Amino acid sequence: KRNGCCNCSSKWCRDHSRCCGR
């Protein structure tokens with residue numbers, strides 16, 4: 001599920017979702 005952004009600390013998030021805190 002792509003909600004929009006997720007934790008940049010999570011490697012899985014960066015590979016499946018957008019990184020939050022830009």
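Here, residue 1 is simply the first one shown, and the rest follow in order.
Glycine residues also receive a Cβ, built from the backbone N, Cα and C atoms like all the rest.
Now, the feature entries from Swiss-Prot:
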type: DISULFID; residues: C5-C20; note: disulfide bond
type: DISULFID; residues: C5-C19; note: disulfide bond
type: DISULFID; residues: C5-C13; note: disulfide bond
type: DISULFID; residues: C6-C19; note: disulfide bond
type: DISULFID; residues: C6-C13; note: disulfide bond
type: SITE; residues: N7; note: site 'Pharmacophore key residue'
type: DISULFID; residues: C8-C19; note: disulfide bond
type: DISULFID; residues: C8-C20; note: disulfide bond
type: SITE; residues: W12; note: site 'Pharmacophore key residue'
type: MOD_RES; residues: C20; note: cysteine amide
Do me a favour and check the Cα-Cα span between C20 (disulfide bond) and C13 (disulfide bond); whole Å is fine.
10
To the nearest whole angstrom, state the Cα distance for the pair C19 (disulfide bond) and C8 (disulfide bond).
5
Distance check, please: Cα of C13 (disulfide bond) against Cα of C6 (disulfide bond), rounded to an integer number of angstrom.
6
